[in-house]
């Protein structure tokens, strides 16, 4: 979205991510209705994203971002979290209703706000934001009290949802961290890396967890519990194709949005856009929550809408906490001092740390906190 005017980047990134995220959960649920093997559906989606991105690069619609070891290594840890998050999400959908997954997703800002403070240098939430987060927790509690599946199965019904909660919190925090330190030609770069690196571990995870033990390519084959495992119908193929396309789009839009806002704000965007999921779910699915459960869920999401992004901590605005390294040639001490003065002045103005500062043809790169609503200075790379 670099071609857009600066004042349009954030709202359009948020809007596009919201549409993809709000509908992806339902497309996944519908796809698994026809192919009830979560890891297989996910592997198909990941492979589809890789093929689509490589095809777009081949016809030069998007700039290429080939695999590089210096970029692969930081993404390996993120890939592990991403794979676990996607897998736990799929398993949670297979064992509970859509609202159960949404409510756990809605509680993640509570933990990510703390991670923002501890790891990403932001202040703790304001009183208004704390009230918003407490409202989310209240809505979550109200929902649990009305969830018949929780009452029937107890905590066992929430095992995968809890694991999903933990992995999402880590993924949101670490994902924001690496967007500040790794540069790509476009946001299709991290989308390609994430999907490509996730194919093999996702397949192995599904195999080790026994997802394929009852699976057969024959249409209508029944597993050990008598459930039909494969339905090669037109509707099933369409759902797989649509979910794969949406999976590719959500990868691109999520990285674009993440690069422009804080980790907590990005997490909250994912929560608020679940309004779309609720509305669609009520109309097309028969396993949604009770009216009181829906009200509790809406209260949770309304609370999230009042959250205000926390600013950076003043103590973290000093360049003393930034890791420097020379690119091509070392700077003299007086040049370094001048760069520090200019950068600190820019920090005061923009409440951020630019990723790369140029001075008289020499470049000094340093990692810090990327601007939440601005891009790095033009020509910096």
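A Cβ is built for glycine as well, from the same backbone N, Cα and C atoms used for every other residue.
Curation plays no part in TrEMBL annotations; they are all automatic predictions.
Quick look at what TrEMBL lists:
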- 19-307: domain 'Sugar phosphate transporter' (DOMAIN)
- 12-31: transmembrane segment (TRANSMEM)
- 43-63: transmembrane segment (TRANSMEM)
- 75-94: transmembrane segment (TRANSMEM)
- 127-144: transmembrane segment (TRANSMEM)
- 156-175: transmembrane segment (TRANSMEM)
- 187-209: transmembrane segment (TRANSMEM)
- 229-253: transmembrane segment (TRANSMEM)
- 260-283: transmembrane segment (TRANSMEM)
- 289-307: transmembrane segment (TRANSMEM)
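Same-chain neighbours of the transmembrane segment (187-209): 1, 37-40, 42-43, 46-47, 49-50, 53-54, 56-57, 62-63, 65, 67, 71-72, 75-76, 78-80, 82-84, 86-87, 179, 248, 251-252, 255-256, 259, counting only residues six or more beyond its ends whose CB sits under 8 Å from a CB of the stretch. The stretch with the most CB contacts under 8 Å to the transmembrane segment (229-253), chosen from 12-31, 43-63, 127-144, is 12-31. Against the transmembrane segment (127-144), the recorded stretches 12-31, 156-175, 289-307 differ in Cβ pairs under 8 Å, and the greatest number is found for 289-307.
Distant neighbours of the transmembrane segment (12-31): 1, 4, 41, 89-90, 93, 98, 101-102, 236, 239-240, 242-243, 246-247, 249-250, 253-254, 256-257, 260-261, 269-270, 272-277, 280-281, 284-285; these residues of the same chain sit at least 6 beyond its ends, with a Cβ under 8 Å from one of its Cβ atoms.
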